[in-house]
Each structure stands twice: as structure tokens, then as C-alpha cells.
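*Asks:* Just lifted these from Swiss-Prot, have a look:
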BINDING   T10, G11, G12, N126, R167, S199, I253, Q298  UDP-N-acetyl-alpha-D-glucosamine binding site
Amino acid sequence: MKVIISGGGTGGHVYPGIAIADVLKQKNAENQILFVGAGGKMEMSQVPAAGYPIVGLPIRGINRKLKYIWKNLALPIWVLISLWKVKRIIKDFKPNVVIGTGGYAGFPTIYMAARMHIPIVLQEQNAYAGVANRLLAKYAHKICVAYEGMDAYFPSNKVVLTGNPVRAFLTDKADNYLPSLQYFGLEPGIITVLVLGGSLGAQAISESIIKAAHIFEKHTIQVILSTGNAYFSTIQQADFPAFNKNFKILPYIERMDLAFAAANIVVSRAGAISIAEIASAQKPAIFIPSPNVTADHQMKNVLPLVTKNAAILIKDNEVPDKLVPAILELAKDKQRQRMLVENLSSCFKTHAAESIASLIEDLV
């Protein structure tokens, strides 16, 4: 079986595709998989690192900021060039099925596959369906979703509740606690907080955590902070307090398996895949929805969890005042940590990648 997986721009669209690809290869090593993404975006490095070939398209997303709205004038040209290029890719590769994981990067691929009468499966991660998937839904044979009620956006006869696919290491329950601490140079027996700003970073979160370094040291809490590449150089140049040896600042975490193994508490943006990965890793979490996303969809992802006592919510504008106190309070409350883990785990289906892979096999 030949499969094209297309989508990207952020980790939330890239990592589900990799998780699905991994299961398809496990099911049959003869399966051939090709990724198609947006040139210059993170998928162009992350997909090859996972062992799969990828082709980049010259596609660009819509710029919604008024002062940059003029940049959208060239968008039709990039779309046409991408459609022409992806038509050649499909003709040469001859896929049996095309999978779309969302984001503008997948739009030309899915649209052209539909025009060429190739079966299509879409995977929607969020509680609020993305623009690309809503536009492409009419071409899809099946639409795999993670939240109930998604027939509000898609034809109900196409919707399949599978959950969000997560990378395989998150379902591996091997005891990596001590190796993970050694990897990051941290001490055992101390509360470890993993802070993730999302694949594109989050400056307000990073700055609040760094400015509280002396507070964490006082409370014997160690921190792993992933700033994102965009903010790492800014943080390096800023005049922040000196950090103790148990404060690790990284632009990007290559070994997320070890980061989750080390963590007692996770602070994260509320992207759908981030939430699913934290649930699979069985960690108590504080979520800070990004205000810079379409239709405030990260808030929509996390609100159902808050109502079920499965997550702690802090709004982005509350970060300077509320984030550090919330971390300190949760670090002291073992019972609440256990409750959050149990409730979050119960909110999501497991083995989503396996379910989607089986659906793809049945479709072909």
C-alpha cells in the first residue's frame, strides 16, 4: 500500500501524521509512505528525523494580521504552483490513499487527490474544526476526530471518533525516570516541572518561569523549559537572574519521551495533540491556551477538561500573576495531581493511531 500524508505548519499537524505512519509501517513493512508539507516549516526537519521522506510545497497560510494583510495578495499564485507540483507528486507516487492531518500545508494535496479520485481520510485534532479540514470535508471518505459533537462541522456519516494519535514512546510504560533525570542533568527525588510553549514557542510563559527561578529553587523544584527556537536567543541575551543547576532551558526538546518521564507536572499550551500526549503520558497539567489561534480553538480544547476536573486552566493574560503560584500549589497537592491524571486519562480514547491505520486499510 502506498500512502501520502499531508499537513503541517505546527507540531499539532505534524506529529499525528508521524504516529499514523509508524503504525502503518508496523502493520506492514512493505507499506510506502510519503509526506507532503510546506517548504521551510517544521515538518521539513521533523519528518526526516522520524525516518520518512517528505516533499515541500511553496504554500503559505493566510496572514490574519491587518498590517500584513497585503502579503495575502500572492497567495493564489502559491496555491496554483503547489497544485501543479502536487499533481506531479501524485502521478509519480501513485498513492492508494491520501491522509490529511490539517493545516494549510495539506490543502493542495487533498484537493488534488480528490480531483484525481483517490480515497481521502482526514484527521481533525481539535474541538473546533480547522478551516482547511472544513473546506475539504466534502471530498473525504472518512473524518477521524478526537472530540464528540464534531458532526456540527462535518457530515455525520463520515465522522469516526478515534481520538488523537500520539507518538509511540508515549504509550511505552517502561520506567525511564532515572535515565531521564540523568539525560537532563537533574536530581532524583525532587519535583520536576516540564514547561512547554508549543512547537512555535510562547514568550510570556518562558519569561514568567525564568523570572521565578529563585522561587523554584527556594521550594526545591527543578524545571525543564522548552522555549521554542523563536525565543531562545532572546532569553539568552536578556538579563535574567542566574539559574541554579536544576533549571534547564532548551530551544527544543529532542527526547520528549525522557522529558515526560522526568516530569511530575506539565505546563503547556492547549493544542489538541499536546493535550493528548500529556494524557497518554499520565501527567497532571496546567494548560495555557494560546490567544493567537483561529477561533480561540485552544480554549475550546481545554474547557471540556476543566469541567471534568481533568485540567487546570490559566488564561494567557493571567500568566504573570497566576502561573507560578498555581505550579507551587499543585506541587504540594499529591491528591490533586492523582485526580487530574485519572480524569484526564478518562477523557480520551487510547490506541488512536492503530484505529486510524485499521480504518485506512479497510478503505483501501
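Every residue gets a Cβ built from N, Cα and C, even glycine.
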*Asks:* My understanding is the cutoff is Cβ-Cβ under 8 Å with a sequence separation of 6 or more in the same chain; which residues meet that for R167 (UDP-N-acetyl-alpha-D-glucosamine binding site)?
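*Replies:* Once residues fewer than 6 apart are set aside, R167 (UDP-N-acetyl-alpha-D-glucosamine binding site) is near Y15, I18, A19, D22, M256, E277.
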*Asks:* At 10 angstroms around each C-beta, which of the binding-site residues T10, N126 has the fewest other C-beta atoms nearby?
*Replies:* T10
*Asks:* When DSSP is mapped onto helix/strand/coil, what comes out for I253 (UDP-N-acetyl-alpha-D-glucosamine binding site)?
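*Replies:* Assignment for I253 (UDP-N-acetyl-alpha-D-glucosamine binding site) reads coil.
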*Asks:* Counting other Cβ atoms within 10 Å of each Cβ, which of the binding-site residues G11, G12 scores lowest?
*Replies:* G11
*Asks:* So of I253, Q298, which of the binding-site residues has the fewest other Cβ atoms within 10 Å around its own Cβ?
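*Replies:* Counting other Cβ atoms within 10 Å of each of the binding-site residues I253, Q298, the minimum falls on I253.
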*Asks:* Quick check: in three-state DSSP terms, what is R167 (UDP-N-acetyl-alpha-D-glucosamine binding site)?
*Replies:* coil
